[in-house]
Amino acid sequence: MEHHCRVLVHLQNMGPSGTPSGFMSNGPPAPAFQAGQRFAPPGSSQHQPPMGAPPAMGPPARGPPQAGAMRPFMGSPGAGASQVLPPSGMGQAAPAFGGPPQAMLGSVASPYAPQMPSQPGVPPMPGSMPPPRMYGMPPPMQNQMTAISPVIGQTGGTQPGASKIDPNQIPRPIPSSSVILHDTRQGNQANPPPPATSDYIVRDTGNCSPRYMRCTINQIPCTADLLTTSGMQLALLVQPLALPHPSEEPIQIVDFGEGGPVRCSRCKGYINPFMKFIDQGRRFICNLCGFTDETPRDYHCNLGPDGRRRDADERPELCRGTVEFVATKEYMVREPMPAVYFFLIDVSMNAVQTGATAAACSSINQVIGDLPEGPRTMVGIATFDSTIHFYNLKRALQQPLMLIVPDVQDVYTPLQTDVIVSVSECRQHLELLLESIPTMFENTRTSESAFGAAIKAAFLAMKSTGGKLMVFQSVLPSIGLGALAAREAEGRSNVSAGDKEAHKLLQPADKTLKDMAVEFAEYQVCVDVFITTKTYVDIASISVIPKVTGGQVYYYHPFSVVSDSVKLCNDLRWNVSRPQGFEAVMRVRCSQGIQVQEYHGNFCKRIPTDVDLPGHDDKLQDGAECAFQCALLYTTVYGERRIRVTTLSLPCTSNLSNLFRMADLDTQFVCFLKQAAREIPITPPLHVREQVTNFCINILLSYRKFCATVSSSGQLILPEALKLLPLYTLALIKSAGLRIDGKIDDRSFWINYVSSVSTPSAIPLVYPRMIAVHDLDTQDGNGSIVPAPLPLSSEHVNDEGIYLLENGQDCLIYAGNSVNPDIMQQLLGVPSADQGGAEFTLQQYDNPLSKKLNEVVNEIRRQRCSFLRYFLLTPSALVGMAFFWYLIEDKVPTGGLSYVEFLVHIHRQIQMKMSS
């Protein structure tokens, strides 16, 4: 499990009395090994480095992994993974709601605040604020909303055709160049978090950092009816091993000795700042289930005059929202596993000829030094084409010995003990082998790929320990276990014939690979797949293995050894050095009155161990607080067993206006982005677009109906906190996953990426950032390295300009037909973009403009924690059209509305529903 592990937890208010109150299903296994960080290492160079992915922050033992492929494997009380219930439908219409709530709307800050350079050596912030003693609601804010007018031909609005919406008036993300300092609680109240896409530094003053856990609404509705009326979703985005900002205080490690951490004896919730001590500290009341427990004798402390324990501020578990407990023996069913890294390399003819094999070997060779140091770090290597080749790396041998497994149906592993050995024992053999593999297979004529058999054989070698399996794959698996047939040509003909079933090509071809993946997860093996290809490889089928085992898919298409080798190396380096851990299991607990409905993410779902909670009243109390706690049990790369506990306590409200005022736009949007990704393979694209649009309409309709103070029907009224929701909804409708003319593999990769993407990475994926780079030397950056982004509209792209557009994965550089050749030469090293070609690599030249561009690019890489792939595009090239696909504010010839038209459409739909 890794930094990359993100789990979306859908919540629901409990129903009428008679329904059990409290937490129902327990947290699922977190995905094993994945990542996606936001901050680069302190002190990174401003010049373009040969390797751009940031190294891991701080000592990995201190900042451990994120949730990984989890399975319940401990026998301790309350340990176990939870069931993921079937996904619910999207965007239902809101029922009528009585009572005139007051409108209390807060403004939302913008995405894309460029991040300030990391500051090496910034000392941790001293102390922390005392946790809350009493709960309360934040003071009312002024009624804030956005009204857009006039709209063409609206009933009761302006005259038909009189005018259009002013494009300068429509909401767009507003960049902020300053770093936000965020205290998680203030004055005994939860502080709403800053936007996920902004640059912020957190001080944990009782609630966990929003990096680790964010809620879609920062006040919890007291009843299920109130939530349904709002049209919004109640969900948590959980990323327990998220990368902290370099200036943030490290998470404190707490060791309770042999007795283990203090827990509620009923619900097994962990001690946290919101548990209330009574009877002079001799007992405590659980904030999750309300049960009163005896305080262990050796943990007793008297209470002060304020009712808090006198030692509360000295004990991290009583004043911090995130702590890490040292796990005792009862949390282990075996000794903590070693850190095992197994590399599996495609050496089929296509992989060798495109340079993918050599690029993989070179990348592995460069990152061996980044593996955790010590005798517990083990490594193994195998190659495969139509057969599988293991290598004995024992030091006693003069050179690595190849061991061939010819049977790709009934797979086995030879000499299991010699295939995976300690890095310290085999370093020289390893380097020698990696240098020689491309030469050994340079004349191969074997075009088949036994991908399924190869990963099964590697798994058998790792089965006794578990670990990370990293596979480099270049062609469609065509032989042996889990072989696949080409489906893309069939998909294209289906689309052109108007076949309504074409979306089924986004589903796995069969269950073979899924069944293998479930077995891998059972034995703590996580699989990452690096797809370096120029052809169709059926990502829909292959990606099942990383998804179930908590891994990740990396996709380089069309693979170019010139432009992609450095990114491949950077991706691999970050994969092995980011915060991560092994054999993880995660559980989420909630206060009574709320239950977990379903989980989404990259992990293996296990049978739940249900927790019986008291049947207290099922309505949350207005003004009280509702708590969520995520407990992640995992092994660090250094073999330490830890429990990372993150706790978030939010106020409850019976006021609908408060829900809209405290909505978290980014998390709310990412929640239904992930729902859309789940629907795309099983639902025709047109229906998914309708669901997404209706989700947006229902939220805005509810706000207009029950909370808005403006009465004119000629205006589109948006709650301030959600004013960008229509823009993001339109961006999703036009995204790669919903483009029926897109390649099947491109869409499958998008779906897979979205399923585990973090909130800060999800927003730019659908709403990219575009900046002008031809005049970087004259732009005023407002104190930030990256210039202010331009609206995603062709009106802001002219023929004399050069523009950079990035979405966190790819970076398109678009040069107009009339660009000054001198500027082209200075920036990109070619007089015309037509000479750049597919093999374009961004370099730094000896002039101010080029240096400025490289500073901007490195800052973007740091913000995205991604090296990015670069493409140079021109209007004359067919691929140049790809740039305009991302300009989501424009009208699309195939029928996609412009942003202004979409706002008009949304307004009309709201008016129709209001009048009916």
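Every residue gets a Cβ built from N, Cα and C, even glycine.
What TrEMBL annotates here:
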- 51-63: compositional bias 'Pro residues' (COMPBIAS)
- 120-141: compositional bias 'Pro residues' (COMPBIAS)
- 261-299: domain 'Zinc finger Sec23/Sec24-type' (DOMAIN)
- 336-576: domain 'Sec23/Sec24 trunk' (DOMAIN)
- 581-653: domain 'Sec23/Sec24 beta-sandwich' (DOMAIN)
- 664-763: domain 'Sec23/Sec24 helical' (DOMAIN)
- 784-855: domain 'Gelsolin-like' (DOMAIN)
- 16-178: region 'Disordered' (REGION)
- 867-888: transmembrane segment (TRANSMEM)
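Per-class residue totals from DSSP over the domain 'Zinc finger Sec23/Sec24-type' (261-299), listed helix then strand then coil: 6 helix, 11 strand, 22 coil. Among residues of the same chain six or more beyond the transmembrane segment (867-888), those with a C-beta under 8 A of the stretch's C-beta atoms are 52-53, 556, 563-564, 566-567, 570-571, 727, 730-731, 734, 739, 767-768, 770, 792-794, 797, 799, 803, 805-817, 828, 832-834, 836-838, 840-842, 857, 860-861, 899. Of the Cβ pairs linking the domain 'Sec23/Sec24 trunk' (336-576) with the domain 'Zinc finger Sec23/Sec24-type' (261-299) and spaced 6 or more residues apart, fewer than 3 are under 8 Å, so the two regions do not touch. Most Cβ pairs within less than 8 Å of the domain 'Zinc finger Sec23/Sec24-type' (261-299), among stretches 581-653, 664-763, 784-855, belong to 581-653. Per DSSP, the secondary structure of the domain 'Gelsolin-like' (784-855) breaks down as 22 helix, 12 strand, 38 coil.
When the domain 'Sec23/Sec24 helical' (664-763) is classified with DSSP, helix, strand and coil residues number 70 helix, 4 strand, 26 coil.
Taking the domain 'Zinc finger Sec23/Sec24-type' (261-299) as a whole, pLDDT averages 96 in the prediction. Helix, strand and coil counts from DSSP across the domain 'Sec23/Sec24 beta-sandwich' (581-653) read 0 helix, 43 strand, 30 coil.
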